[in-house]
Ligand SMILES: Nc1ncnc2c1ncn2[C@@H]1O[C@H](COP(=O)(O)OP(=O)(O)OP(=O)(O)O)[C@@H](O)[C@H]1O
Ligand SMILES: CC(C)(CO)[C@@H](O)C(=O)NCCC(=O)O
Ligand SMILES: [K+]
């Protein structure tokens, strides 16, 4: 089996995740806020340190944020490694059943590819990031799309921005289900609203799929929202990076078959 060496870079809406894979294992990872751009490049170099003896190991990059990634791509070229963008240079190895003209976020496809590579069975993948996505992969490894909704912090921010009296609130677990203060009521609404959305969508997707899928969660808010909740089978913080690793690994295996 191929054991890939790579620097995986996933540019999200708010943050960028970086991971160094040595012999197919994630040995270093870091997350940075996109705005702190110069610091990000310093930290990317730190994260790449385990790959110093693997000069041939490429950067494999994905993005759902073109403004951030176009500049970052130019800077990543400076590492002196081959640089591949998923979908442009390397196809994400997951089947798709979508509208012909559909443009799906690379993060959603990578999560699906990363999950199916390990699970090999039908799964619902929940990414609790800036936006929340809830997607269905069937038992044959085909991505069917799913649902997109505001993420938890975005829900809170939109309440603050679009009302006169609601305050700025930082996301945390509510201490009360029936909120006895404005802040507790907002936290209860968002926390149980997000969980409720996930429960409803998982049940509906299970109906559509004709089987009960595994539920896998990832993203910056997954732990806060889903920890110790039996509806979610696994929380996998590095799922998007796993998708980047399998993308390179499959491309290397295909290249080997062809030569
Ligand atoms: N230091 C932090 N800065 C910003 N958001 C954070 C931080 N720590 C946790 N979070 C939470 O992470 C969420 C964003 O998740 P994430 O980083 O997965 O989003 P993203 O940038 O959209 O990434 P992706 O598109 O890859 O999912 C926010 O809603 C926030 O509550
Ligand atoms: C839905 C988000 C914002 C989730 O990060 C991202 O995957 C994206 O911008 N997608 C493009 C549209 C789509 O996936 O249908
Ligand atoms: K996201």
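Glycine too: its Cβ is placed from the backbone N, Cα and C atoms.
Heads up, TrEMBL stuff is auto-annotated, nobody curated it.
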Per TrEMBL, member of 130, 133, 142 binding ATP alongside 10, 11, 12, 13, 14, 15, 16, 17: 130
Sparsest-packed of the listed binding-site residues (12, 105) - C-beta count within 10 angstroms: 105
Per DSSP, three-state class assigned to residue 106 (substrate binding site): helix
Additional residues surrounding ATP, by Cβ distance to the 10, 11, 12, 13, 14, 15, 16, 17, 130 centre under 8 Å: 31, 34, 64, 65, 107, 129
Where the C-beta lies under 6 angstroms from ligand 2, the matching recorded positions among 105, 106, 107, 108, 182: 105, 107, 108
